[in-house]
Structure formats: structure tokens, C-alpha cells
Amino acid sequence: MKISRRTIVGALGAASMLAFGTSAMAQDYPTKRITIIVPYSAGGATDILARQVADGLSKVLDETVTVENRPGAGATLGTTQAANARPDGYTLFMGQVSSHGIAPAVYKNLQYDPVADFAPIKLLMSIPNVMVVNKDSPFQTAGEFLEAAKAEGKTFGSSGVGSSIHLSGEMFKSRTGANMTHVPFRGSGEAVPALLAGDVDVMFDNLPSAMPHIESGALRALAVTTPERSPKLDGVPTLDELDIPELDGFAARSWFGLLAPSGTDAAVIATLSEALDQVIASEAFVNFADTRGADIEGGSPEEFSAFIASELASWKTVVDDAGVTVE
Amino acid sequence: MSETTTQTNARKGRRREILFAALTLAASVLFGLFVIPGGVATPASVKHLPLSPAFLPYLLTGAIGIFALIHLLEAIFAPHIPADEEAGALDAHPKWKSRVLMLIALLLVYLLLPDQVGMLVTSMVVTIALLAMGGERRPVILIGVGISVPLLVYLFFTQVAQVPMPLGFFEDWM
Amino acid sequence: MFENIATGFELFFTLGNILAITAGVCLGVVVGAIPGLTATMAVALALPFTFNLDPVTGILLLVGVYKGGVFGGSITAILIRAPGTPAAACTVLDGYPLAQKGQAGKALNMALYASCIADFLSNLSLIFFASLIAGLALAFGPPEYFWLICFSLTVVISISGSSLTKGLISGLLGLLTSTIGLDLVYGTQRFTYGNFNLMGGVSYIPLLIGLFALPEVIDFYVRKVAPFTVKAADRSRVTLAEFKGSLLSIIRGSFIGVIIGTIPGAGATAAAFLSYGEARRTAKSPETFGKGNVEGVAASEAGNNGVAGATLIPLLALGIPGDVVTAVILGAFMLQGLTPGPLMFQDNITIIYAIFIGIMLSSIVLLGSGKLAIRYFARIADIPRHILLPIVLMFCVFGSYAVQSQMFDVGVMLAFGVLGFIMMKINMAAAPFLMGFILGPLFEDNLRRSFLISEDILIFFRSPICWIFITITVFSLFVGIRRELRATRAKRDAIRASGAS
């Protein structure tokens, strides 16, 4: 089904290229509405970012850019649809750590290939995960927590099986051998209150959802999971720098990037890449990233391809070690 | 309503309740014996019973079976209480069997055709067919309502609410 | 404090703000009224417009859309039995029978009055008790939640219709349907049989539309009905006596809504059903509920609109979004560089007051735009049914598709439509099914989460809140079952008496 459709679309694309010539199409691009597919429901972190990007792109390209939400099955449903979309540059995809990092490792019967079915355009933004505990928790450092967790068993909350929050916890658990029980919730919005109330002991939350509570003092940040410290949390060490041998080189973060279905004209990709450079440099976007504690990324399409390959490999290791798979 | 029809209705109603309860009971047994073991993947090690993915399905199926049994006993031994709608449910359309088939066919059209010919054309076809089935014979209404309303609703969904609808083969023309 | 309020007033009273809230409410009512397009979707659609507005205007626009959307759902629930938003499902129970009797105007107006009063009370609670009751949001851990859901499930007894056992079976089937999809704890598959579309579970809105709206459509075509019946123009209004009679239910429903709204994740649908169940339990003639009792409409609408203001309590006081809509509003705050939570009350108190003033105004705007909407939407009831129903079916299909842009969901809608039709024919109430389906995941998740957290059954009795909900659950079960059994016995005695004579 998938293959036949792609073949037809590809054939049609080739036919139209013959008729109008590649360069003419790419030069005119864009001539109509562009759609960004978001594999999550409206209002989530990915959706809000996509709307920000759509707003910026429509100003730079002077053409309407809209967001289409196609949620379901842990982001894999919308991703499959984007993979099968017509590669004409008018359907783009907001990829993230789940669709192009974790899901391929977790889901066995995935219906898209994160590498072969997509043409990466640009890595836009990344956000660190941050190890947070309740303000009343006795632990002041990640080391103290680790010792306690090895001795008596702790619980960690997450936004669901296979989320980056869950797998950061699993990564911590499998590396250190700590005795931690995973308590899944449906989304960060449900998990954070449980942490605030002390029903779970720790969480490796995405920084944007934890940030307000860290600022208000309700949560205490023990460490960030990125290789470098986050500019938003200067005083918080990385797990890597803690002098705990098991945690050397610990890196887990969430990221977002724009992709097109594979087969999209290289000139179109280049146009979009340039436009996105302007978008992420704009004051509005810098502000947006800043309020959420996110780092603006950027770089070329090739760099993004290499990044995706490395992410796929490293999450595969975590998932295999932790033994989390969905049949 | 005469005494005899009331009694016949009561007997029919009671028979229907017994049939319903017996079928539900049988279904819950089959579900518990075959569907749950086949449909729920249970991980090898589960610390507590309620943590098992199959726990709630079994519990619910068991409860359905028990209530079906209660309903069965009630229907057999207690006097039948006629439900309010029972009288109204009887005035089926004289040709209801062929109409059911037609309706099923039209619903299947709604399910299968949009991917081929697009949502707009499908909704126009089905709407006109249903209007005719409902007894509308005036061509102005058939064509006018059947074309203009789907078009307006379609435009509202795609343009105002920004919900993309299947285009079918029209996709290749745009 | 007073100078803050004064500055808040200054900040609020601009033409832009008043326009934003009016436009928001109107947009919300229209989008909310269309099955498949929910308040959440409307808020997300409006979000990009707030990028270029100043904070107060932007937030008020979104809040207006939200509140309009919650009311808008009741319009189609009453007129065509297709709840525009999930929270309006309970309004169908009495609203649609009223519309069938030719009293759609009465039902719609009562829904509007109840919504506005509940909205107003909810806003007042937000403004005066936010800091007081915000703590509730954190007092509800998994075990407390579990008992709250148990209590909510006892409402099934009240909405079972003519047969208690059938109603219970219906509710259990709903619970069972909710287990379809990926398991929360282990991520294993349940009843999906490898189907990708089922992994996220059965979609909520297609199920809702199918279960309620489609049986009416099917029924029309298999029944013998004269095709060209046009009802006389509907002039029914809410009488003062009816309003007074429902006022207690409205106020009680509002407070149920406020409490449920304060607890993150419980949701407007549960609040509406709880409020309805309470109204029926305390009513003098409970048997009229479900057959077109205007108090039933009032109670359910008060319940779901009472939630709308209260969900902002944990958001503003603690920075916790209680549902998807408030998560979007949180996003809008953050885009403006504002962080809801205790710090905002210190740093940006004037903005908060300006928003409060705008929110109070939204109840009044809702009354006005609701009146206007009713005037036009009520004409739907005058359309001959053989023309209306094909259009209803079209909306069902479009709406189901719109949720995830999936033809699969149209299939889900049709499947549950057929199920709903069968249930209608065997006199099995559909409302308990929906109730079970909505509360099922909350029930199971919190049961299992409690076990994950403590591995000890004592966790279910850990706090006074647990004990309170255990007590009222037992009480509600006892009273509810006794009442139903008595009613059944009375009917049987009547039959025996007539049979003997």
C-alpha cells in the first residue's frame, strides 16, 4: 500500500519535473500553502514550536504556512503519514527525538524508516532534560540520590512509556544499577504534580515543563542530562561532571527539527534551510526559545542527517539495555 | 390495548430479555477464555496482580458475566416490566430490510470512497442518496441541498478550521 | 491591593481587550457546536493570533474561546443528539428528548443560563479562593484519584435508564473498550491485533459521535415515519418556575464543577455526569430524568461550565495545567514571557487582575452571544428531518475525520454507531458506556500507579481524602441501589396487581 502510493507519487513527481523542469519549480517555490505535520495533538510542546516556526516561515517566505496535527500511537501515526506525503516541499514534518530517535528503537513494527523516508532540513532547537526532586526531598545532589536509590529503591515519574523522560530515567537506572521503579503518567502535565506532591521521588523532566517550578522553588534541580550545562541553569551540574564513573558521558535531551519527505527537490530544501536560518535568528524565536529554557541549534541539512543517525544509534543502546520494547 | 396483546407483548419482551442475557453470558465466557489470552500481551514478570495488563479485562469480563446471569434469573423468574419504548419500536418501515441494506451500503461508501474520489464528492453522493431515501422527490432540493450543503461544510472545515480532508484522485490535479 | 486592582482595571479597559473576549467567545460557541471540532482545537487555532497581541488581550482571547466552546457543545447535543464537545455528552440525556418534544428552545436557553451562572460562580471561586483551593490539586495523588473515580462511577446507577443490570453491563463494556490500546505500564498491546491505529486506544470523539448521533440517523431510515413533518416554529422558553426549580441543581453543579476543575485531569465530562447524578438523586421525581427534564439539562451544563473557570486555578496558582486547553493557555503565557504560578502573583499582579476582570466579563459576553447563537441554531430544529439527517451524518463523518485526519476514525464512528443502534433497540442506555469509557483509563492508571508507588494495599487508605471518598462511594452505592430496587419492586407490584385483577 505504502510502496505503491509512493511509487505513483514519485512517478507523477518525475513526470511533472520533466514537463516544467526542476529549476523552474524550485525557483518559484513556494507558490501555495505549506503544511507542517505535527504528530502530536494541538497544544503540546511540539505543536507550539511548530506554530512558532510556521508563523516565522510564513513571514520569510511570504506564503501561508499552517500546522496540521496528526496525533496517535506515540507520534508514530503522524510520522508515517508524513513519510508517505508527496515530496513537493508543500508538506513538511516537525520531527523530534521521539519520531527520529526513540520510536524506531522501541516500536518493532514501525511503518516508516526514519532515515530512508525523510530528507532532513534543519535541527531547530534542543532542550535538556533535568533531574528534579521535590523541594522537601532530603537529597541535595544527584550523588546523594543515587546512593539512596541503590540502598532502598525509589520511584521515577514520566510522561509515558517510550518518552525521552522515561528513557532518561531508564538510562540512569541501567547505567548505575539503581533500584528505581518507573511510574508512568499520561503527559508531563500529569507527572509534574505527582512529583510536586511527593508521590514520585524523582523525574528527568524536559526543562520547559520543570523550569517554572524550579524558578518558584517548588522543585530542586539536581543535574542536567546534557553534556554541557544549560545557560538557563548555570548552577546546576551535568550528570557527566559528577565524578560518578557510571555516569560519564551521560547525554539525553529532547530535540526538534524540520524534515521533508525523501525525494524532495534539493533546491527546495536549500530554500527552506535558508528561510529557517532567518526564522531561528529572529527576535521572536530567540525569545521563544529563551522562555522555555531551550537551545537554538541550526546547521546544514547534512549535519542534521548525521545528528539523526547518531541519535538513532544511542537510543537503540538505551532501549536494548533497559529492555523497553513495544511488540 | 387488549389484555391478550399486553400478555403477548410481555411474553415476547421476556423472551427477548432472556435471549439477551444468555447471549451476553456466553459472550463474556468466550471473551474470558479466548479473546483476552489472545489479545492481551502479558509481560513475563508482574509483581502484583493488579499491575498485569490483563487484570482489568478479566475483572470486567467476570463482572459482565455475573450481571448477565442476574439479568437472566430476573428475566426468567420475576414479572416482566415493559420498557417505555417497546411499543414504539414495533412500527418498523414496511421495507425495512432492504432499507437497512441500502443504509449499510451508503455507510460503507462513506468509509471507503473518500480515499478514492475525495470527501467532497463522496459526501455529495451519499447526501443526495439519503435525501432520496428519506422521501424527497423535488429535484431542486435534491440537487440544491445535496450539492451546496456539502460544499459549504467542506469549505468550512478545510478553509476556516484548517482541517485537511481527503482529496482522492483530485490531489493529483492540484 | 486596591491600587493593584485599579491598575488592573486600567490595563483591562481597552477596546482591544473587550473585542478579543467577545470575538473569542463567539468563535468558541460556533466551533464548539460543531461535532468533532472541540474547544481544545478552537483554542489551538486561535493561539497564533496571540503572538502579536499584548499579554492580557491574547490570554483573554483564548479564555473566551475556551468558555464559548464549552457552552457551544451543548447546542448540537440538544438539537441533533451529536455532542459538539465531549463534555456536552451528558446534556444529550435530557436535552435531546426535550428537542424531540418540540421544546428545543427551552432546553437551549436553560443550558445557556446554567452555563453562564456556573461560569460566573467558577470565576468567582477562581478570583477569591484560588490560593485556598489550589492545594487540592496537589492533595490528589494516585490513591485519592482512584477513589474519586470510584465515586464518579457510581453515577452509572443513576443513568442506567429502565434496567439497572443492563446499565451496569453497558458501563462495564465501556470500561472494557477503554482498555484497548497500548498498556500504560508495560507498553504491551491489548486487543489491538497489530493494528497501528488502535495503539493509542479507540478515539474518544468518533466513539462519542457514533454512540449518540448515528443511532438516530439509522433509526429514521428503518422506521415508518412520514417524511415531510415540519414542526411548528419553536416558541418554548424557560419559565420562572422551571428556573427556580433548577437553581439548586445549577449551584450544586457549579461547585461540583469547581472542585473537579481544580483537580488536574479529572475533566469536564466527569463533572457534568456527577452533577447530573446528584440532581437526579435529590429530585422529587427521578423517573422523569432522561425523558426531557429541563433540570437535567441545567445540572449537566452547570457541571461542565463550572469546570471552565476552575481549571485556571491550578494553572495560575501553581503553574499546573489541568487539561489540554489550559496547557495551550500555559503555552501562550510562556510565549508572552510570563510564567503562571506563585511568582506571577508577586511580579505581575496587575496582569492577573486585568485577566480576572476580563474573565468576569466573559460570563456576560457568553450570555449575549449564546442568546444570539441560540436564535440562529434553533432553526435547525425546524428543518424537516429527512433533509436534516443526511447533513447530520455528513457532520459526523467530517467531524470524526477531523480529529486525527484518519479514515480509520470514520470507521470507529460507524462501528460505534451500529453498536449504539443495537443498544437503543434492546433498551440498553448508552450513557453508562460513555461514562465507563471516559473513566476507565483514570480508574486503571491510578489503581496501578498506586501499586507502583507503594506495593502495599494500605496506600489506598493513606489520607482523609481517601476516607471521605470511600465513605461517599459506599453511601452512593447503597442509596442508589436501594432506590432502583424499590422502583423496580413498585413496578412489579403494579404489574402483579393488574395481572391479578
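Note that Cβ sites are derived from N, Cα and C of the backbone, with glycine treated the same way.
Features reported for this protein in TrEMBL:
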- C:18-434: domain 'DUF112' (DOMAIN)
- C:12-38: transmembrane segment (TRANSMEM)
- C:58-80: transmembrane segment (TRANSMEM)
- C:111-139: transmembrane segment (TRANSMEM)
- C:193-214: transmembrane segment (TRANSMEM)
- C:254-276: transmembrane segment (TRANSMEM)
- C:312-338: transmembrane segment (TRANSMEM)
- C:350-374: transmembrane segment (TRANSMEM)
- C:410-439: transmembrane segment (TRANSMEM)
- C:459-481: transmembrane segment (TRANSMEM)
Long-range Cβ neighbours of the transmembrane segment (C:193-214) (under 8 Å; 6 or more residues past either end): 35-36, 38, 77, 80-83, 86, 89, 92, 177-178, 180-182, 392-393, 396, 399-400, 403-404, 406, 408-410, 412-421, 430, 433-434, 437-438, 441
Ranked first among C:12-38, C:254-276, C:312-338, C:410-439, C:459-481 for CB pairs under 8 angstroms with the transmembrane segment (C:350-374): C:12-38
Close approaches to the transmembrane segment (C:410-439) from elsewhere in its chain (Cβ under 8 angstroms; 6 or more beyond its ends): 86, 89-90, 92-93, 149, 152-153, 155-156, 159-163, 166-178, 202-204, 206-215, 217-219, 267, 269-270, 273, 290, 396-397, 400-401
Candidates C:254-276, C:312-338, C:459-481; stretch with most C-beta pairs under 8 Å toward the transmembrane segment (C:58-80): C:312-338
Same-chain residues at least 6 beyond the ends of the transmembrane segment (C:111-139) whose Cβ lies under 8 Å from its Cβ atoms: 67, 70-71, 74-75, 78, 91, 95, 238, 243, 246, 250-251, 253-255, 257-259, 261-264, 297-299, 301-310, 312-314, 316-318, 320, 322, 345, 356, 359-360, 362-364, 366-367, 370-371, 374, 463, 465
Same-chain residues near the transmembrane segment (C:312-338), Cβ under 8 Å, at least 6 residues beyond its ends: 39-40, 43-44, 47, 50-51, 54-55, 58-59, 62-63, 66, 125-126, 129-131, 133-134, 137-138, 261-268, 344-345, 348, 351-352, 359
Per-residue pLDDT averaged over the domain 'DUF112' (C:18-434), given as an integer: 87
Outside the transmembrane segment (C:254-276), six or more residues from its ends: residues with CB under 8 Å to it: 70, 86-91, 93, 117-118, 121-122, 125, 133-134, 136-137, 140, 145, 148, 152, 155, 158-159, 289, 296, 299-311, 313-314, 320-323, 431, 435, 438-439, 442
